[in-house]
Amino acid sequence: MANWLINQKRCSSTCYLGRYFAFSFFIFLVLFSYHAASATVPDLSKLKFEALNNHPLLSVAKDETGDSWIKGELPKELIRTFAVLQIPTIHIPDFEMYAYKNGLLTPIQKNTNLNNRVIKNRYLTYYFRTDSTLYYLNIKKHPVSRLDIIVNETGQFSHMESTSLIQNGLYYGLSLMVIIFNIVLYFVFYDRRFVIYALFQLSLLSIFFYQDGMYYYFSDGRWDFPHFLVWNIAACAILSGIFTYYFLGLKQQIPYFKKMALWLIGFTIACVALFTLTEIQVFRNLASVFFYLFPSICVYHAVRMFKKDVYARFLILFYGLMLLVGVAYTLQKYLDSPFLSFFDMNVFRLTSILEIIGVSFALIFKVRALQKENEQYRADLRKHLTLLEEHAISSKQDFEASEPPPNNVNTSSILIRSFTDDIADQYELTERETEVLACIWNGDSNQDIADQLYISINTVKFHVSRLYVKLDVKNRSEVRSMKGKVARSLPL
């Protein structure tokens, strides 16, 4: 009995000791979590905030690490309501927000609503509810000169975002339709201008897609390539210059274009690459100079052709319209003007759509006009060749009447060569395809053709496949049979 009482006392003391340690550990966790939470909230009382230009409700200060802090003031109607804060720019991909809850400054979770559900947005967004008009943002080391902060009630913000997504979707849809339309037209006309313009529009669409925060939206904020925009602008500038050159046919005006283009494109890519690797602003500024220099040279020659070429006038008209709207869109960010406030991003997109559709139709008319001109040249050339052939036949007959007929090999080869030229005109064969056709008629293999024309075997196969399509044949035997028909029609 005594042993049993001793064991009971030992168990009781052990239980009390375990409860004591558990309670102490709980108190430690509470104090530690409180200390960690309070440590995440910086002491902002020592910062000296100054008014931010053109933002009466915002002031800015910098801490000892160089981070920029924004102190904002909310409208009274947003106190104790469900509100949303967003900075709609991809140039500030990450910042922190602090707001008051029950009189304590508290960090707000990003892209998370008050029900702790993650919400997909085009830019970094904070959902919050506060009992004070003051809030703080840690912009870190991002520029704050052109800061645009949206603070709105949750319902109004959702309606605004839905409207913006619909407008952006219309622009993306029309742009993709024009790009696909130009690719289809390339396979109809086989003209490189359609491909160049499609690539130019694709780079422009990618710039808008990035600026609108759509890459951030579809990647849930994980995709972050800060130099994506400068690379895209470089591609857009290069393609715009190349397209202007080929669209207006500036080969005579700029005979040195290829050499100049290689140097300018090389310098542009080098400056962008150096800026990407080093983050030195001088390389970014140099790249901007080359961005404008390359297309400006082509546009300058287009202006010189303004009175002579209707397509130059058309191109300058749309480029000038885009330039004016772009300048007005930039100025409205700095000047408080009712007139300039009309030129927002939607007006800029509408102007871009008009430019895309207008230049696409101008490109179609230009290519059709060139095709009609080429057809007229072919008809004149075919007529001239017919006259030459008739003159050659009459000369041959006069020669045979005066002298005994010599070996007909040379005469037959000349007539076969003339018939080859006629086939080239009839089926719209290129000069290289005509040479490949003559080699096939001579019985040469692909390797023999490659050796004679100094081209690769893959290039020979490409031209042979194009010949099959244009001549409507399936194999070499059918191509050679055309020569047999020619040989049977020649005089013995």
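Including glycine, each Cβ sits where the backbone N, Cα and C put it.
Per TrEMBL, the features are as follows:
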- 422-487: domain 'HTH luxR-type' (DOMAIN)
- 20-37: transmembrane segment (TRANSMEM)
- 170-189: transmembrane segment (TRANSMEM)
- 196-217: transmembrane segment (TRANSMEM)
- 229-248: transmembrane segment (TRANSMEM)
- 260-277: transmembrane segment (TRANSMEM)
- 283-303: transmembrane segment (TRANSMEM)
- 310-331: transmembrane segment (TRANSMEM)
- 347-365: transmembrane segment (TRANSMEM)
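Computed over the domain 'HTH luxR-type' (422-487), the whole-number mean pLDDT of the model equals 77. Remote same-chain residues near the transmembrane segment (283-303) are listed as 230, 233-234, 237-238, 240-241, 244-245, 248, 250, 253-254, 260-261, 264-265, 267-268, 271-272, 274-275, 312, 315-316, 319 (criterion: CB distance under 8 Å, separation of at least six residues from the stretch ends). Put simply, of 170-189, 196-217, 310-331, 347-365, the stretch with the most CB pairs closer than 8 A to the transmembrane segment (229-248) is 196-217. Beyond the ends of the transmembrane segment (196-217), by six or more residues, the same chain brings 88, 90, 93, 120-124, 168, 171-172, 175-176, 178-179, 182-183, 186, 223-224, 228-229, 232-233, 235-236, 239-240, 242-243, 246-247, 349, 352, 356, 359-360, 363 to within a C-beta distance below 8 angstroms of the stretch. Secondary structure counts, DSSP: the domain 'HTH luxR-type' (422-487) has 51 helix, 0 strand, 15 coil.
Listed as Cβ neighbours of the transmembrane segment (347-365) (distance under 8 Å, sequence separation of 6 or more from its ends, same chain) are residues 167-168, 171, 174-175, 178, 181-182, 185, 193-194, 197, 201, 204, 208, 247, 311, 314-315, 318-319, 321-322, 325-326, 329.
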